[in-house]
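A quick write-up on the structure given underneath.
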Amino acid sequence: MKFPRLPDTLSTHDNLLLMRLLTKNVFRQLWRQRLFTLLNVLGLAISISACWVIYHIVSYEYSFDDRLPDKALTYRLVTGLAFDGKESYNGGVSAPIYQAVREQVPGAKRVVPVFRQWINAVNIPGQKPLDQEEFKGIVATDAAYFDMIPYTWLAGNPATAFHAPENVVLTESRARNYFGTLTPEAMIGKVLVYNGKDQKTVSGIVKDLDYPTEFTAKEFFFLPPKTYPLGDWTNTNGSEQLYLQIDNRADTSRVLAQISNIAQGKWDENMAERKLPNTVRRWFRLLPLEESHFSTYVREMDVRKASKPVMRGLIGLGALLIILACINYINLSTALIPQRSRSIGVRKILGGNSGNIIKGILTETFVIVLLAVACSLFLTKTAYSFLGNIIPDGMHDHAGGWGIIGFLAALLLGITLLSGGYPAWLISKVKPIGLIQRHGTLHRNGGGGVGLRKVLIVFQFVIAQVFIVGAIVMGSQLNYNLKKDMGFDKEAVVLVNIPWKLQRDSVYRDKHFVLAEELKKESGIQAISLGREPMSDGYSSSMFENRAVQAKEPVRRQVYKKWVDTAYIHLYNMQLIAGRNLRASDTTNEYIINETAVRELGFASPQDAIGQLTGQIFAPQHPIVGVVKDFHLRDFHTAIEPVALMADKKNVGTLNIKLNSADPDTWQQTLKKVEQKWYAMYPSGSFAYKFYDETLDAMYKQERNQSRLVNLATVIAIVISCLGLFGLAVLIAFQRTKEIGIRKVLGATVAGIAQMLMSDFAKLILIALLIASPIAWWGMNRWLEGFVYRVEIEWWVFVVSGAVAIFIAMLTVSFQAIRAALANPVKSLRTV
């Protein structure tokens, strides 16, 4: 019998009719297989939401200063420093260099100094002082700054507003903070007094930059040219930064060489004049502005940076989650081929060509992906509420615009082709007779690509188990970081920051010690200490030397300094292993050092160091009066370093309070009393405290965020994998209906049948564990290499990972397996 065939070409009307029938057939098919449609939509929606969030984060981090003209020609000069063979980069420069570069380096088209200003008080004459502890975002620069960054001027004349030391230009947000609802024009001419003495007149108001940028200043002082002393050339200050825009015809390496030659001559001249050895190697680097936001190796204050390896990791994570969801779709689609075989076979016999069948399958895929994108709108909004600490500040204001639309469109097309391409090709290549034969090959093996499906299931669980191992190891390391003995007692320690203006104001300076004496009377307080910064925060370093060593040259090492008082080592329960405690002093006149400093400075033993003189190479030497056991000044990424403790009443910035650890129920009551006495002493100074554990948590914020991301990725990977596993369990149970019926008739138990159905999946997951274990071990060892003090990856981690994966997978499959085993064999053996 011959079947009529469709003509080779169709009219427009026929094409429209065919399209209508195709669309109707697509939705009929999706509804008929609604369980699998739902599983596919959920899996894809979860992965698309994750990719959406990742794209938002990555695009935000890479968009810094994209709107800046000549961004590709803009550089920041950073200073390289080498002490004791240890190299580091400082984001600052020596102050005099900007004038020398401007005058002597012709390739530098624009030279822009940006010097941070430390302001602790701003007053408007005739008004109440502004209630702020520290005024941030204030810089000194010159007119070149506004040439480099095209601010929109709301008031003032750009040509004349920034040419005198008594002028100040404000951004709109800072001006509103000072002058409220006045119009920008009315703000011009207003007077501001800084630090109680420097009077400046508002000469311009500019609109805040409305895009991600590292130029976050809100207030601009004019920086006039001046003659700097020679000694300033050797002072590298992180607050003093220098930007350059290079002529597009200039060679950046030549520009850098010219700058280096200028500075090196001044450094050598300064050392010769002071008759001092040049113990510090310095050099410069022209850091492209395009890389500045990712320059995590450059030390800077109050600057949030992004990490390119983390960005690449996020992109890889998003790709993996999309692949996992696509694998689900491919597995379920190929497994459904036998159930669709007759309808597809009939269509091919009636003249439907492979192209039309592929179009139909891809259209189904497109509709499913489109539904997943729609669902991801809700999931993405929900995800942002759970990722508050991970989302970068300011990202919510960065909508992404057409970039997001383009990304989603590319994702929609890419997933459609990746997920639907293989099933469509597999169906289209099978002969019609093979599709409609009830007992053909397709039916016996459960659809094309059985081997591929097993490979894909293994791949899914390899990824899931790598994430599980990662989550366990990261959690173990974070717990180790927080629980390991740091060499001092941090329990029940509260830190109260003394505001900047109270530190610098001579009226309040002596009151710090009066307050400390008052607080000692409280029964809920065990100890009080005044120091410059908390134990593991706010450190600085200098080159110390030991001249007592019997050698031609004194031993010189970089030593970290902390200003403390006589109660400090007692409060933190630091172990004094030689010598005595510090004595109270208005100036530094003696040191306590740690064991590492003893070794680094060349002393034979802690006892040998007592009484020896040491100190900075450019400063007077003072005796070492005590040695304490080593303690961790910084996080566990860094080895314990040499530290010198010194007393200096002028260097006080933190009130350390040791609460009564035996009675934590009274802590809040004690802190309320501390607050009352604080305000009695400092009526205008705000009171804020934090427990030391919070400082420790902040040290590992990045690792904590990484751990949260891995935990979230683990959950998503497991959920997506289990959605696919559940769908396959349903299909396999359906395809083996008659086999199960025959086994039950022959006496098989429910438990035996369920075990038979589940065993195949268990084998695949065990194979995945064998593959995942070395991958996870290698990856987590690479991550742990960033810690000097770290946990070891134990064998039980992989056992737990495998057990978790098998348990979750079996739990997913067991419901359908038991349901199939309980089915009535009469119904399953009935001839259709």
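The chain as shown is numbered from 1 upward.
Cβ coordinates come from backbone N, Cα and C, glycine included.
The structure displayed is predicted, hence computed values, not measured ones.
What TrEMBL lists as transmembrane segment is 35-58 (among others). Within its own chain, the transmembrane segment (35-58) is flanked in space by residues 311, 314-315, 317-318, 321-322, 324-326, 328-329, 332, 336, 368-369, 371-373, 375-376, 379-380, 383-384, 387, 391-392, 395, 398, 400, 404, 407-408, 411, 415, 419, 713, 716, 719-720, 723-724, 726-727, 730, which lie at least six positions past its ends and keep a Cβ under 8 Å from the stretch.
Summarising the annotation, TrEMBL assigns domain 'MacB-like periplasmic core' to 37-261.
Annotated transmembrane segment per TrEMBL: 314-337 (among others), in sequence order.
The feature domain 'ABC3 transporter permease C-terminal' is assigned by TrEMBL to 317-432 (among others).
The annotation transmembrane segment is assigned in TrEMBL to 357-379 (among others).
For the transmembrane segment (400-422), same-chain residues at least 6 beyond its ends with a Cβ under 8 Å from one of its own Cβ atoms are 44, 48, 51-52, 55-56, 59-60, 322, 325-326, 329-330, 333-334, 361-362, 364-366, 369-370, 372-373, 449. The transmembrane segment annotation in TrEMBL covers 400-422 (among others).
Outside the transmembrane segment (455-474) by six or more residues, the chain places 320, 324, 327-328, 330-331, 703, 706-707, 710-711, 713-714, 717-718, 720-721, 724-725, 728, 761, 764-765, 767-769, 771-773, 775-777, 779-780, 783-784, 791, 793, 797-798, 800-802, 804-805, 809 with a CB less than 8 A from a CB of the stretch. Taken from TrEMBL, the feature transmembrane segment applies to 455-474 (among others).
What TrEMBL records for 709-734 (among others) is transmembrane segment.
Here TrEMBL flags 712-821 (among others) as domain 'ABC3 transporter permease C-terminal'. Within the model, the domain 'ABC3 transporter permease C-terminal' (712-821) shows a mean pLDDT value of 84, rounded to a whole number.
Residues annotated as transmembrane segment in TrEMBL: 764-780 (among others).
The annotation transmembrane segment is assigned in TrEMBL to 795-818 (among others).
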Query raised in the report: Cβ under 8 Å to the transmembrane segment (795-818), counting only same-chain residues 6 or more beyond its ends: which ones?
Result: 461, 464-465, 468-469, 472-473, 476, 718, 721-722, 725-726, 729-730, 733, 750, 753-754, 757-758, 761-762, 765-766, 768-769, 772-773, 776-777
**Report entry** Contact ranking winner - 357-379, 709-734, 764-780 against the transmembrane segment (314-337), Cβ under 8 Å
**Finding:** 709-734
Query raised in the report: What else in the chain is close to the transmembrane segment (357-379), if you only count residues 6 or more beyond its ends and a Cβ gap under 8 Å?
Result: 22-23, 25-27, 29-30, 37, 40-46, 48-49, 52, 329, 333, 344, 347-348, 408, 411-412, 415-417, 419-421, 423-425, 427-428
Report summary line: For the domain 'ABC3 transporter permease C-terminal' (712-821), the DSSP residue counts stand at 94 helix, 0 strand, 16 coil
